[in-house]
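According to TrEMBL, the protein has these features:
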| type | residues | note |
| --- | --- | --- |
| DOMAIN | 2-100 | domain 'FAD-binding FR-type' |
| BINDING | ARG53, PRO54, ILE55, SER56 | FAD binding site |
| BINDING | CYS218, CYS223, CYS226, CYS240 | [2Fe-2S] cluster binding site |
Amino acid sequence: MIKVEKMKILSQKEIAEYIYELELQGPLVDEISMPGQFVHIKVKKANDPLLRRPISISSYDKNKQTMTLIYRATGAGTIELAQQTGDLNVMGPLGSGFPVEDVKGETAVLIGGGIGVPPLYECSKQLKARGKKVIHILGFESAEAVFYEDKFKALGPVYITTADGSYGTKGFVTDAAAQFNIKADIFYACGPVPMLNAVEKLFDKIPGYISMEQRMGCGIGACLACVCAVNGPELYKKVCTDGPVFPKGELVYG
Ligand SMILES: Cc1cc2nc3c(=O)[nH]c(=O)nc-3n(C[C@H](O)[C@H](O)[C@H](O)COP(=O)(O)OP(=O)(O)OC[C@H]3O[C@@H](n4cnc5c(N)ncnc54)[C@H](O)[C@@H]3O)c2cc1C
Ligand code: FES
């Protein structure tokens, strides 16, 4: 069930350049059903900015009713969010996430770019808990923007790429996948659209799931702000309710 509630801010800290880790607590966590779901946040108590901001749930702990979000504070709303203390008005959990039950094969490769990396963390934890081998390829702009390398390393091998070559492999996630000859039975990806398109082409022989980050309004299927083109008879789907995670081959990259 989708809830709108005041969640307690347990901690909020900068963990890389402009990247914040926010830990929240409240009964909304009971409703999370899959890694890759997101919440829609009112970034401050006043109504400016009016629109909520969609942020993925990076990890959660149902026993403690806590969840962790990781976001980049570079726009008007997220800069406000980084200043908040006390409590936060949160709507969620929203969308359908990464399927991790009944996954065929031994090995999963998780590919993330920038602020697409956070939802892969819970996905990796849950795959590992189900006995899968998890490999991570994580792309960032520069060394200063890298986060959660050690946390992912605790779950499986990690390949980092940076666009400027200041850390890890210089280039894109697909460059590292090719250079290190990464083989897997399934892939999970989240990041900028060109990256998603390239990942689908590179891993065209295995099944996979893609999380799409699209501009959003209502977050609950009412405003059509988030529609994206898909293959098949429907032509368009809503990222907020039909996604954000879609099976490989469903999205049309314009
Ligand atoms: C399902 C989903 C999950 C996301 N998860 C994360 C996450 O875990 N961490 C993170 O840092 N970011 C995430 N994003 C992107 C994040 O929502 C935007 O970067 C953020 O809304 C931009 O707000 P702003 O105040 O910084 O920028 P502004 O420029 O002030 O935003 C203006 C408007 O544009 C929208 N907007 C701008 N860029 C984007 C974008 N790339 N995607 C969606 N809406 C956008 C905002 O919602 C707002 O309505 C996610 C987006 C979606 C759709
Ligand atoms: S954000 Fe309103 S329909 Fe998806």
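Each residue, glycine too, has its Cβ placed from N, Cα and C.
Least crowded of the binding-site residues (ILE55, CYS218, CYS240), judged by neighbouring Cβ atoms within 10 Å of its own Cβ: CYS218.
The two recorded residues CYS223 ([2Fe-2S] cluster binding site) and PRO54 (FAD binding site) have their Cα atoms spaced 15 Å from each other. The binding-site residues in question are SER56, CYS223, CYS226, and the one with the fewest Cβ neighbours inside 10 Å is CYS223.
Closeness to ligand 1 is met by ARG53, PRO54, ILE55, SER56, these being the binding-site residues among ARG53, PRO54, ILE55, SER56, CYS223, CYS226 whose Cβ falls under 6 Å from the molecule. Taken together, the residues of the domain 'FAD-binding FR-type' (2-100) have an average pLDDT of 95. Recorded residues CYS218 ([2Fe-2S] cluster binding site) and ARG53 (FAD binding site) have their alpha carbons 10 Å apart, per Cα-Cα distance.
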